[in-house]
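A short worksheet on the structure shown next.
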Amino acid sequence: MKVEEECELQVSDGDLLKEDGDNKDASCSINTLRPSVDPDSTHPEAIHVDRFTVFRRRSKGILFALLSAVFYSGQAFQMDIAVGDLGPFLVAFLMAIVMTGCATFLLVRNNISRPKTNEQYAWLLIAGLAMSAYLTLFSLALRNLDVGDTVTITYLSLILVGFVSWALLKEPFGLFDMLCAVVALTGVIFIVRPPFIFGNFSTINEHHNSMVGIAFAVAASIVISLIVTALRKHALLGIHAFQSLFTSGVIILVVSAVMCSCTGQWHRASCVSLIHPLGAGFAYFLGQLFLYYALQYERATLVNIFLTLEIVFAYAWQLLFLQGTVWWTSYVGATLVILSCVGMKVTRAYPATGVTSAVNETNRAKNVLKSA
């Protein structure tokens, strides 16, 4: 039994992967990765070895998504401390400096050439503007809403990203995908405990423009879905991850500098207060990098659902370093998020008809071996 080693694993829904920096289609589809029986092989154990190879290739995207969630949670943990001292736009400016600096160093060190087509430039511009818009909208939402309400509303992107990727990239978005997204969103609600659901209405009444804040948060969720879809398109177009990070960093740097000038947030920061925004920038850079690699292997809907584990990791950091209080609802929410991820992983491993098709495939392979 053998698997063709010269091809990279495509995503689960028929989109072909591309090598980093390469704009050519991969030479194989998911069907070529199914175990093919070698007539000369008489060892049934080869089935298990072959399946392990396929599983390892398919798990790359999941691993990158988990790493992205870990670093995003670290970025959120650092930003939560830094924003109170420096303001959101100045924090975004400092983060963009780190992001642009790291991307520039990697571009020069690896001698990566610039993008070659107008389509690549267009999608790079879209991603950079979307990231800048997200930082602005999220900051404006926080001015008018409680942080729990804002985070919960922005996670509507779990559902919206499926529709956006379907509309722009023609990626499938089925009922089970919708169910997993709803379960993950429910888990986020249990973890964040927004006041408008769990009864702390006094917090909501403190904000006179709550409807304005809700509008900004909904807009931010739409922008998040566009960001994930744009990064997915970068992978499909063969745009290198460092090119994507550099362009986004430069655009965020310019936009945040303009916003700091308009809002008067420029001020000198102490060395101690710079630690957290610079750490957040480095964590954000790594999170974006692993997100890009995850989107090379998986469709946008699945990756976005796995990114909800960011909330679970963020509460873990809070419990470990800030000695925060963890409610019972947080455990329920974490369980729901993990269940949604497991559900998406199962459908990713067996996209056709689920576990039944895998069992039938194994039985057919064993029967051929016996008759050989």
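Cβ atoms here come from the backbone N, Cα and C positions, even for glycine.
Per TrEMBL, the features are as follows:
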DOMAIN    60-192  domain 'EamA'
DOMAIN    212-343  domain 'EamA'
TRANSMEM  61-77  transmembrane segment
TRANSMEM  89-109  transmembrane segment
TRANSMEM  121-141  transmembrane segment
TRANSMEM  153-169  transmembrane segment
TRANSMEM  176-198  transmembrane segment
TRANSMEM  210-232  transmembrane segment
TRANSMEM  244-266  transmembrane segment
TRANSMEM  278-295  transmembrane segment
TRANSMEM  302-320  transmembrane segment
TRANSMEM  326-344  transmembrane segment
Point to revise | Intrachain residues whose Cβ lies under 8 Å of the transmembrane segment (210-232), provided they are six or more past its termini | key: 123, 126-127, 130-131, 133-134, 137-138, 140-145, 149-150, 153-157, 160-161, 163-165, 168-169, 171, 204, 244, 288, 291-292, 295, 299-300, 303-304
Exercise for review: Could you name the stretch, out of 61-77, 89-109, 153-169, 326-344, with the greatest number of CB pairs under 8 A to the transmembrane segment (244-266)?
Suggested key: 89-109
Practice item. May I ask you to check whether the transmembrane segment (278-295) and the transmembrane segment (121-141) make contact, with contact taken as at least three Cβ pairs under 8 Å and only pairs 6 or more apart in sequence counted? Key: no
Review point. What parts of the chain pack near the transmembrane segment (153-169), using Cβ distances under 8 Å and only residues at least 6 beyond its ends?
Key: 15, 138, 141, 145, 177-178, 181-182, 184-185, 188, 214, 217-218, 220-222, 224-226, 228-229, 232-233, 236, 299-301, 304-305, 308
Review point. Looking only at residues six or more beyond either end of the transmembrane segment (89-109), which have a C-beta under 8 A from one in the stretch?
Key: 75, 79, 82-83, 135, 139, 242-243, 245-246, 248-250, 252-253, 256-257, 259-260, 263, 265-267, 269, 274, 277-278, 280-282, 284-285, 288
